[in-house]
Amino acid sequence: QIFNQHNAEAPSLEQAFHRMAQMEPNLDHDVSWFLLPSYWAKMVVALISFLCFANSYDGDFVFDDSEAIVNNKDLRAETPLGDLWYHDFWGSKLSSNTSHKSYRPLTVLTFRINYLFAGGFYPVGFHVINIILHCTISVLMVDVFSILLGGLQFSNKGRRLNLAPKSSLLAALLFAVHPVHTECVAGIVGRADLLCALFFLLSFLGYCKAFRENKEGHTFSVFWVLVSVILGAIAMLCKEQGITILGLNAVFDALVINKINLLELIRKLLHKDKSLENAGLLRKGLLFRITLLMCGGAGILYIRWRIMGTGPPAFTEVDNPASFADSLFVRAVNYNYYYSLNAWLLLCPWWLCFDWSMGCIPLIKSVSDWRIIALAALWFCLIGLICQALCSEDSHKRRILTLGLGFLIIPFLPASNLFFRVGFVIAERVIYLPSIGYCILFTYGFSLLSKQAKKKKILAVAVLGILLINVMRCALRSSQWRSEEQLFRSALSVCPLNAKVHYNVGKNLADKGNQSAAIKYYREAVRLNPKYVHAMNNLGNILKERNELHEAEELLSLAVQIQPDFAAAWMNLGIVQNSLRRFEEAEQSYWTAIKHRKKYPDCYYNLGRLYADLNRHIDALNAWRNATVLKPEHSLAWNNMIILLDNTGNLAQAEAVGREALELIPNDHSLMFSLANVLGKSQKYKESEALFLKAIKANPNAASYHGNLAVLYHRWGNLDLAKKHYEVSLKLDPMAPGTKENYNLLRRKLEQLQKKGG
């Protein structure tokens, strides 16, 4: 559908476009930079953006990737596709009290497609898609910046003209190589920001297409405005920031299409100037399109509100301490300080960190804090830019500065804490879109310097140097994102006061078996944040394994005192109390854990072990059965049921349980071994032998497997095979209990048989 613009008193938009091209100064005239054909410019941007992040292609799943991808059931084929629309980014139900309310179903869908095509959790495919997305976005930036910096004009054939080829290339290169983008590209969960940015830009370019000329004179297309709204909705379904493109489209329409002078408009509104009533351009064109954008945005937000409910996301004080401060002054000052740090990351992206919470940035609580200077500097610069954007007599300058500030500020608003509390202090990923505004302002500043500079080549070399440094910084930072060890250790120098950094370094060391080093980092995490219950829980676990039970109990007791619904800490406390032979307290701790987490198979398993120690066999079997119902692949619970039934003489029941377990977990050699023992005692030698041999094939170095098979052959009368497997068992474990005695008995029997034969 085409909406025609005709007004006798107002100039047509077509005339406005031609006048803009003729009267406004060309930004490229002052920019000392390379001039390349559009195709080659895009190729250069694509290549350089690829080089920046190429070394992240074979990285691991790191940090949030584990929760959003590896542990996210929404990626698996057994989860209905429809569930993605009712779950958050992490796979939890949006209606859950623990949900973060991050609604990004289209991003999760791309993860699911990655998983299906790869046939499992292989990170290479995930990383390659992220790199391709960033390259595509960087190429699109050439077109976007050509419009933002050079204006929007079409040829007689309806083809958009690039009025700022040099400036748009420079701005696109600045965007492509900005190190702050590393988290979005090298971290797989950054896919949300990349997809959001892709549809964000497509929405903007679609909106620009609405003003393409045709044979009937300059018109605007309602169809393309609606396409822009739909693309904005898709951007929001990738990440929440996407909705802000509708506001930016409105700003672009007002400033570039209608060439409104905001200061003049405000003056007329304040003085109730009647000339506004005759502004047909504003009344019939702009207001209609803004109404479409507003209605579309309101509809999108309403649908999202209906799906996710009214409850706010549940964040804790350690996630965003400033938002929990009682004093309005403290909240306002710290929010503004965070803004200044985000601005600094755009200006000087050298100190980068995967997480800025948990004491990384101590709160400003007084005006005497020297860091107040940072937010004063921020507002000094912002106010100066805003004044120039509003008051400058140069319309070209007003337009570029206003668009630069708009793209810098508006996409950042959802992360600003102004409308709702967010779950972070600083997050480098949320600066991906605002960096567009930074690139506009940088390029415009470079053009002003070029205009004044006598030696323009030196200035161009300096900018080339900045680009080269950024490329190297991107490559270095990408390599740090390739593994958790490098990523976490890189944060120690940036945020030494961040308890979460020390916790993650400790966890990584513990996973690799270096418990002594892990203890050091866990203790430091608890020292920095005495209420860090997860660090207490993990430290308590390690101390429990090292048999330092009393300190482990103190830590775990403190953890559940601080967070009474911490189910994992209750279970671990129960394990420690069981080891200390305080059985009643252990049982109570286990049941408290189950109370706070209804579906907790590991806790039922440990509860069953407690009941077995107390000879409460029926209760033990029931607990283990609950564990297998909740988690059918819980091998330890199945094994313990088989062994307990075997030890108590219930061979038929033990056999039935063993067969049931092997149907669910057919390749578990420990289950084969346990069932083989039961079948051997039931004199089902042939079937028992087959299971023993299958278990040995799966795990040939298990001495007990060979030893028990030897016992089977001994009973069965296959003495030569019994001798062979006794010897293998003793070779693998010379101290294997009972094996040496059985072997000696067999040898004596063989000697007796030889004497009789002689």
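Even glycines carry a Cβ here, placed using N, Cα and C.
Feature transmembrane segment, per TrEMBL, maps to range 131-151 of the set 131-151, 551-571. Looking at the stretches 337-358, 403-424, the one that TrEMBL records under the feature transmembrane segment is 403-424. In this model, the domain 'DUF1736' (311-383) carries an average pLDDT of 89. As a quick check, the transmembrane segment (458-476) and the transmembrane segment (33-54) clear the bar of 3 or more Cβ pairs under 8 A, pairs 6 or more apart, so the two touch. Sorting the repeat 'TPR' (703-736) by DSSP state (H, G, I as helix; E, B as strand; all else coil) yields 28 helix, 0 strand, 6 coil. Residues of the same chain lying 6 or more positions beyond the ends of the transmembrane segment (131-151) and with a Cβ under 8 Å from any Cβ of it are 20-21, 24, 26-28, 38, 41-42, 45-46, 49-50, 53-54, 56-57, 160, 162-165, 167-169, 171-172, 175-176, 181, 184-185, 191, 194-195, 197-198, 201-202, 204-205, 208, 252, 256, 399-400, 403-404, 407, 436, 439-440, 443-444. Below 8 A, the CB atoms of the transmembrane segment (403-424) and the transmembrane segment (220-237) form no more than two pairs separated by six or more positions in the chain, fewer than 3 in all.
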